[in-house]
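Annotated features, as they stand in Swiss-Prot:
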- ARG56, TYR192, LYS198, ARG319: substrate binding site (BINDING)
- LYS198, HIS217, ASP254: Mn(2+) binding site (BINDING)
- LYS198, HIS217, GLY233, LEU234, SER235, GLY236, THR237, GLY238, LYS239, THR240, THR241, GLU282, ARG319, THR444: ATP binding site (BINDING)
Amino acid sequence: MSTVNVQIGLHELLNGSNAQIQLSVPQLVEKVLMRNEGKLTSTGAVSASTGKYTGRSPKDKFIVKEASVADKIAWGAVNQPISEEHFNKLYTKVLEYLKEKEELFVFKGFAGADRNYRLPIQVINEYAWHNLFVHQLFIRPTEEELTTHESEFTIVSAPNFKADPAVDGTNSEAFIMVSFEKRIVLIGGTEYAGEMKKSIFSIMNFLLPEQDILSMHCSANVGEEGDVALFFGLSGTGKTTLSADPNRKLIGDDEHGWSDNGVFNIEGGCYAKCVNLSHEKEPQIFDAITFGSVLENVIINDQTRIADYNDTTLTENTRAAYPMHAIDNIVLPSVAGHPNTIIFLTADASGVLPPISKLSKEQAMYHFLSGYTSKLAGTERGVTSPQATFSTCFGSPFLPLDASRYAEMLGEKIEKHDAKVFLVNTGWTGGEYGVGKRMNLGYTRAMIQAALNGELAKTETAKHDIFGLEVPLHVPGVPDEVLMPEQTWADKAAYKAKAIELANEFKANFKKFDSVSEDIINLGGPIA
């Protein structure tokens, strides 16, 4: 199937009598309720369920193996190839399926808040609530922009169309396929709305580096003096909590680009976790869930329609989608200058990493490539032990290119703009999980504040004898003994053994990066 034929098929779909284009938020909410796709909550948000797929389905994600990208993609378990033949046949079937629908919903908008680098996109949805979701998550065009909008990438989403693995070359009924040549994302068999968000992020992670822009899975905020901070970290490290600062304005909570102009948000909204959400813990998120917001897999009281954020009956991965302007303390448009400070967050359950360390350029590249944190594996008896987990560049499921490409760009930009990089451990202190305790949040906030205001630049440091990290000896508001992890352990020999064990896990994980420079390995990693 040629690109021309693909465009003809799209044109027919978009010009069919069933296509509802660029409906407003109230119109979409009406459609959701009329079509029985979701419920209205007590705060005016729409609540919808995603069925059996309550999270991303990485084994069902494919990139079409086309001549123009075949030698650029880092093929493997993350970037699984699928043939053009399989894609073309499935695409044709999905289009025929959607043509028969009574209604389709189309959103036109952008990815990328910097007008110089934004990607015009359109999303064709089988579900009205999915269209409301993308309306809130991506960047909404003005009426004037809409008149000249020409989409460069299209998502076609048909959750109720199920693939046949034997015929379609998929691994299950669900599929998320990206064709860079035809500029199409094809999604079916899954109702999880996050697939649309992350597909565009994966595309931007391919397109932006081609323009010498580093795409990043991080949150970002800016201080009153215009100083920009980035927060990288996997789930459970405190990225959302620590980047929400009343004295700093939010640029974005999840996806950013770093160009020669500075930092920009890729999105126009937030997709926040809301398990155990409360007004006391996270007032910004709680208050943003109003009319037009979308709740995913949150249990709602049948009578009062009040959301129960503590109920994880459907999944722990409950989510809320809302536009950036639903939060008070933000920058709009979501662009800012070059980062002054970069924070890598890790929740080290082995309790051996320092609570804060200063990183050299090589160490920053090493820890960026490593993307380390811990996850806790539970047993039926409730006995838990920490497991090291590594997610390259703090976002491996979304990186189509070789990881070293992103790391090299980070190193270049750190050097060019003199950004200060810190590794912050929000995990355990005084022993590993089960012996020690979680790092005091007040101490972590004080350490990050000291990093942001430049105090750590002039603080005396000591080199960690196993990880080679420069550890500050004094941080205002933090007891000195907390800063050196070994001092918080009663059993010093046990600390050393555990630290060497983690250092070896770092080294073992790093063996997969065969294309990185020797400097990153020799100057960036553990020294023992």
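Yeah, the Cβs are placed from backbone N, Cα and C, and that goes for glycine too.
Residues LYS198, HIS217, GLY233, LEU234, SER235, GLY236, THR237, GLY238, LYS239, THR240, THR241, GLU282, ARG319, THR444, recorded as binding ATP, reach a greatest CA to CA spacing of 30 Å. The distance from the Cα of ARG56 (substrate binding site) to the Cα of HIS217 (Mn(2+) binding site) comes to 16 Å. It is 18 Å from the Cα atom of TYR192 (substrate binding site) to that of ASP254 (Mn(2+) binding site). Taking the centre of the Cβ atoms of ARG56, TYR192, LYS198, ARG319 as the substrate site, the nearby residues of that chain (Cβ within 8 Å, site residues left out) are GLY55, ALA193, GLY194, GLU195, LYS197, TYR271, ASN317.
A 10 Å cutoff on Cβ-Cβ distances gives HIS217 (Mn(2+) binding site) a total of 25 other Cβ atoms nearby, all chains included. It is THR237 that, of the binding-site residues SER235, THR237, THR241, has its Cβ surrounded by the most other Cβ atoms within 10 Å. The two recorded residues, ARG319 (substrate binding site) and HIS217 (Mn(2+) binding site), have Cα atoms 18 Å apart. Comparing C-alpha positions, HIS217 (Mn(2+) binding site) sits nearest to LYS198 among the binding-site residues LYS198, THR237, THR241.
Annotation note: THR237 (ATP binding site) sits in a coil segment as assigned by DSSP. For LYS198 (substrate binding site), applying a Cβ distance below 8 Å and a minimum sequence separation of six or more within one chain yields ARG56, PRO397, PHE398. It is ARG56, among the binding-site residues ARG56, ARG319, whose Cβ has the fewest other Cβ atoms within 10 Å in the structure shown. Of all Cβ atoms in the shown protein chains, 26 besides its own fall within 10 Å of the Cβ of TYR192 (substrate binding site). Here ASP254 (Mn(2+) binding site) is positioned 13 angstrom away from THR237 (ATP binding site), judged by their C-alpha atoms. In the three-state DSSP assignment, the secondary structure recorded for TYR192 (substrate binding site) is coil.
Packing around LYS239 (ATP binding site) is summarised by its Cβ count: 22 other Cβ atoms lie within 10 angstroms of its Cβ, all protein chains included.
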